[in-house]
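What Swiss-Prot annotates here:
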BINDING   H136, T137, K274, N283, R292  substrate binding site
BINDING   H166, H211, H266  divalent metal cation binding site
Amino acid sequence: MVKTQRVVITPGEPAGIGPDLIVQLAQREWPVELVVCADATLLTDRAAMLGLPLTLRPYSPNSPAQPQTAGTLTLLPVALRESVTAGQLAVENGHYVVETLARACDGCLNGEFAALITGPVHKGVINDAGIPFTGHTEFFEERSQAKKVVMMLATEELRVALATTHLPLRDIADAITPALLHEVIAILHHDLRTKFGIAEPRILVCGLNPHAGEGGHMGTEEIDTIIPVLDELRAQGMKLNGPLPADTLFQPKYLDNADAVLAMYHDQGLPVLKYQGFGRGVNITLGLPFIRTSVDHGTALELAGRGKADVGSFITALNLAIKMIVNTQ
């Protein structure tokens with residue numbers, strides 16, 4: 001890395017395990033400066049509950065970034081709306097969570113931060129606070145005015161991107177249009193090159209129907225939509241293999257010769273990845289004008305403040321963000 005970069009982190013729901021994980025992250029040295037967008041008392045109280053050392057140093061945007069030393073974090077303060085009891089949701093803090101996301105996103109857009117890593121949020125409590133919120137991905141897409149974003153989850157061994165995300169099954173076939181596939185594959189291909197450093201990405205594409213339609217006998221979306229799009233993009237030089245049946249695609253015969261898989265819908269691709277690497281997975285938002293990674297788990301309210309939360313996914317998310325920063329320099 002040519003110079004030390006700043007990575008901004010949002011802990012997510014303050015009553016969940018996000019603050020625990022941030023404190024655990026701080027117990028090791030990092031080659032980047034970790035700027036945590038959070039309430040100071042929340043972090044110091046949680047560190048005390050866990051019996052771990054934590055020193056907060058103020059964020060100084062005009063000073064050169066410094067590699068993070070063990071036991072310290074750089075704090076970009078955002079005040080809680082209500083005091084926090086670990087494991088107990090407080091509706092007003094839904095506003096606090098969104099404020100942290102907005103500040104972190106804006107900092108990435110204006111060049112303060114090289115990447116953003118998000119901890120788990122509780123969507124229900126944010127909506128209960130009167131803020132329409134469907135998820136991090138949609139929030140950052142709207143705030144950054146990105147034309148289109150793509151959700152991808154990854155482990156060390158496997159990357160799975162989604163053509164559609166949080167849609168009911170009955171709506172998926174209608175949502176998979178030529179325009180959508182062109183856009184999603186273009187973003188996936190571009191970000192594999194620019195953010196992952198893969199010169200010529202090799203992408204496996206799932207069919208929509210069982211057996212990838214069985215030649216039109218189990219649905220015609222492959223013939224009508226997916227195959228024509230893949231043929232057009234192959235003619236442009238993209239290395240695309242598919243459409244392949246999803247029940248046979250996830251095996252070494254195919255995966256050993258691929259850099260990513262494009263699944264047509266959420267529960268087609270993600271169960272395999274989460275079974276293969278749960279606790280080590282990372283959620284990546286492709287198509288944003290900045291690097292964003294996230295943990296692959298929820299708030300785990302029942303574990304907050306008890307010292308039992310597994311920091312593995314957060315460490316993987318941070319390490320991947322650092323690699324992506326290097327690739328984009």
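Glycine is no exception: its Cβ is also placed from the backbone N, Cα and C atoms.
Cα of H266 (divalent metal cation binding site) to Cα of R292 (substrate binding site): a distance of 19 Å. Pairwise Cα distances among H136, T137, K274, N283, R292, which the record gives as the binders of substrate, peak at 19 Å. Under 8 Å, Cβ to Cβ, and six or more positions away along its own chain, T137 (substrate binding site) finds V149, M151, T165, T285. In this structure, the CA atom of R292 (substrate binding site) is 19 Å away from the CA atom of H166 (divalent metal cation binding site). Taking CA atoms as the reference points, H211 (divalent metal cation binding site) and N283 (substrate binding site) are 28 Å apart. The least crowded of the binding-site residues H166, H211, K274, judged by other CB atoms within 10 A of its own CB, is H166. For the pair formed by H136 (substrate binding site) and H166 (divalent metal cation binding site), distance between Cα atoms is given as 12 Å, rounded to the nearest Å. In sequence order, H136, M151, M152, L153, T293, S294, V295, D296, A317 are the residues near N283 (substrate binding site), counting only same-chain partners six or more apart with C-beta under 8 A. The most densely surrounded of the binding-site residues H136, H266, R292, judged by C-beta neighbours within 10 angstroms, is R292.
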